[in-house]
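This report refers to the structure that appears directly beneath it.
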């Protein structure tokens, strides 16, 4: 009679969350920061191209940034007066010049100003590691930049700019100045690679026993 096979799924479930256990427990209760992305927001009105400043938010790792798009209730204004924006994530030069072509990429689009359920909301989580194959990873002690542009064929609007500073921590020392774009072909940070390399030999030994 063949020996009974050992169930591997419970073991995998025990091994894979190891990295999550190493995260700072003090950040278990993350903060949320709201940004209302419209030109009537006075925080944006101090932002002039070339001044190097503008709307700034300070966050910590595992915090959330909630972007609220422009929204209009009844009676609705004329369509040409409704604000619509395409939001980009850019580098420092793109933020200073309000030019999304400076290593910028489209992040969100505020294209439903009269949505019946309320304003569109987009959320960014500032995390060291992401479980998603197309997620972004952020580093403490660095700044990240967002700007908006008017969609084509619409009335041009002033550029709105946002700078997010991720506060440094005592436990992490990273030098990556830009958000890391992850894919299925790479490990999400050194912790993920180390976990994978240490887990594989254990699984092979169990399969061969």
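Quick reminder: no glycine exception, Cβ is built from N, Cα and C everywhere.
Here Swiss-Prot flags 1-20 as signal peptide, drawing on sequence analysis. Sequence annotations record features per position, and here Swiss-Prot assigns domain 'Ephrin RBD' to 30-170 based on sequence analysis. Annotation comment: Swiss-Prot describes 38, 170, 184 as N-linked glycosylation site. The disulfide bond feature in Swiss-Prot is assigned to 69-110, 98-159; the stated evidence is sequence analysis. According to Swiss-Prot, the GPI-anchor amidated asparagine annotation covers 184.
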Open item on the list: Fewest other C-beta atoms within 10 angstroms of its own C-beta: which of the glycosylation sites 38, 170 fits that?
Closed with: 170
TODO: Average the per-residue pLDDT over the domain 'Ephrin RBD' (30-170) and send me the rounded value.
DONE: 88
Task: the domain 'Ephrin RBD' (30-170): DSSP-derived helix, strand, coil residue counts - done: 13 helix, 47 strand, 81 coil
TODO: Measuring C-alpha to C-alpha, could you say which of the recorded positions 69, 98, 170 are within 10 Å of residue 38 (N-linked glycosylation site)?
DONE: 69
TODO: Round to the nearest Å and give the CA-to-CA distance linking residue 159 (disulfide bond) with residue 170 (N-linked glycosylation site).
DONE: 36
Open item on the list: Can you give me the Cα-Cα distance between residue 170 (N-linked glycosylation site) and residue 98 (disulfide bond) in Å, rounded to a whole number?
Closed with: 33
Task: Cβ neighbour count within 10 Å of residue 159 (disulfide bond) - done: 21
Open item on the list: Return only the integer: C-alpha distance in Å from residue 69 (disulfide bond) to residue 98 (disulfide bond).
Closed with: 19
Open item on the list: If I take the alpha carbons of residue 110 (disulfide bond) and residue 98 (disulfide bond), what is the distance between them in whole Å?
Closed with: 17
